[in-house]
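Novice: Annotations for this protein, taken from TrEMBL, read as follows:
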DOMAIN    30-242  domain 'ArnT-like N-terminal'
TRANSMEM  12-35  transmembrane segment
TRANSMEM  89-109  transmembrane segment
TRANSMEM  121-154  transmembrane segment
TRANSMEM  166-199  transmembrane segment
TRANSMEM  211-230  transmembrane segment
TRANSMEM  270-289  transmembrane segment
TRANSMEM  310-327  transmembrane segment
TRANSMEM  361-380  transmembrane segment
Amino acid sequence: MMRSNRKLSLTQIAILMVFGSVIVRLLTLGMYPLMDTTEARYGEMARIMFETGNWITPMFDYDVPFWGKPPLFTWLSAAGFEMMGVNEFAARVPHLVIGCLALVLTWLLAAKYRSKNEAWLATAIVASTAAFIVISGAVMTDTALTLGITLSMVSFWLSWQQKSPVWGYLFFAGLAIGMLAKGPLTLVLVGISLVMWLLPEQRWKRIPSCLPWKGGIALFLAISLPWYLLAESKTPGFLNYFIIGEHIKRFVVSGWEGDLYGSAHDEVRGTIWLFWFLAALPWAPVLIYQVGRLFKKGEEGVQTTNGYTCYLWCWMISPMLLFTLAGNILPSYVMPGLPALGLLIAAYHTQNNLSEKVFKVGFITPALLVVVALLLQFNLTGKEVEKGLLAQWETQAEKASSELVYIRKRPFSAQFYSSGEAKFLSESLVEALKDQTKPTFYVIEKKHINKGFMWNKKRCELRAESKRRQLVLCQGSAS
C-alpha cells in the first residue's frame, strides 16, 4: 500500500485555521462562567431585558437605566436567552455569530478584489488573533461594533471600485449597526479611516458620486434613529449623558468621575498601541517583519497604485490614532481594525511570500483558548466569580423564605447567578444584624471577617464558602 506524502497547501491550512478557530470558540462558550466585571454586567442587563420584556432601555439594575451604551449587545444576549434559556452559551453565541459575519465580510473583500487564496489567508489571520478569538465569544459591545465598521469599510471599497449601489447602501447599513452597537464612535472611526485615505491624490473629488447619499442617509436614519428617540422619551437625559459624557468626557478627562456605572480607567497616554500589539498577537510581529522587509528591498510598504494597502492601513490604525491621547481605554478598543490587519498581511504575502511555517503560528491561539477555558472552568485562576457559591445557595432549604444580601460589595456575577435576587448593603454585617427581622443569607468577603466583622454565632450559621467569600444564614431578631 502506498502512503500519501502530500502536504497541505497554505490555503488548506488557512481554511483549517478559520474553521478550527470558530469551532474551538463555539465549544468553549459554555465551559466557564460569565466573568466579572464586563461579561457578568452585560449578561445581567440582558437577563433583565429578557425577564421584563423591556427591549428599549437596557437596565443596569431593575430600577436603574443604563445610558452607557446602545442596546445591540443586550438584544443579542437577550435573544439568546429567549431561544435557549438563561445560560452562558446562550449569552455568548449570538456574539460569536456576529463575529463570524465579520469574518465573512473580510473574506468577501479579498475574494472579490484579490483572490480566494488571499481571502482565506486573511480570514484565518483575523480569526486567530488573540483579541478576535476571545472577544468574539464574549458578552461585550466590541464584536457588534467590529461588524458594523467592517461592513462599512468593505462596502465603501467595493462601491468605490465597482460603482455598485448595493454596496453603497450596505456602507450606510454598517454605520447604522455601529450606531446601535456603540454609538457615534462608529462614525468617528470610519470617518478617520476614510478622510486619511481620500485626501491623497485628490480622491475626495469622487465623494459626491461614489455613494448613494440621499437614499443611504435615509437608510441609516431609518435603522438607527428610532431607538435613540424612543430611549430619550422613555428615560429623559439619556442623549446628554451618552453623547457628551460617554463620547467626549470619557476619553478626554483622565479618570473621568462622571461614569454612572463604574470606575473610569486611567492608562498612560499612548498605551493603546501596546494594546494593539497584544491584541494582534501572534500576527503583529509578522506584519512588522513584512513591512521592514519590503522597505529593505526598496519596495513600497504602505502605498500601492490603486491605494488598496493604504486603505487597509488607514482602517487598521484609526482606533489607535483616536485613542492615542486618551487615558480611559481598554484593549478591546483596537478590535475594529483587526480585519484590516488580516487583509494587510495576506496582501503583503502575495507581494512577497513568507514561509508557510510562519502561518502555522495561528494555531497557537485556539490551543491556548482551550487551556484558559479549562482553567476558568475548574476555578484554577485567581479570577473568581459567584457561580459556585450561589449554586450552593440554591440548594439551601431556607432559600425560598429568606433574602440574599451581599455585604459591602456585590459582584455583577452575583446578580446574574442569583437571577437578580442578590441585594447589596454597604454597612458591616454587625450593623446589618441590628435591623434584620427575617432569615437572611449574607455573603461577606473573608477579608472583612478577619478585620473584626464577626457574626453573632448564636444567630448565624456558616452554610458555604468559596476562596474569597462565605455564605452565612442569620435568623431574624426576636423583636
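One-based numbering along the chain as shown.
Even glycines carry a Cβ here, placed using N, Cα and C.
Unlike curated entries, TrEMBL annotations are predicted automatically.
Keep in mind that this is a model prediction, so the values were computed, not measured.
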Novice: What stretch in 121-154, 166-199, 310-327 has the biggest tally of Cβ pairs under 8 Å against the transmembrane segment (361-380)?
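Specialist: The stretch with the most contacts is 121-154.
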Novice: Are there residues at least six beyond either end of the transmembrane segment (166-199) with Cβ under 8 Å to its Cβ atoms? List them, or say none.
Specialist: 69-73, 141-142, 144-145, 147-156, 158-159, 207, 210-212, 215-217, 219-220, 223-224, 227-228, 242-243, 246-247, 307, 310-311, 314-315, 318-319, 321-322, 336
Novice: Please compute the mean pLDDT of the model over the domain 'ArnT-like N-terminal' (30-242).
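Specialist: 96, rounded to a whole number.
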Novice: State the residues, same chain only, that lie 6 or more residues beyond the ends of the transmembrane segment (89-109) and have a CB under 8 A from a CB inside it; answer 'none' if no residue qualifies.
Specialist: 18, 22, 25-26, 29-30, 34, 39, 43, 46, 73, 76-77, 79-81, 83, 119-120, 122-123, 126-127, 132, 135-140, 143-144, 146-147, 150-151, 154, 157-158, 339, 342-343
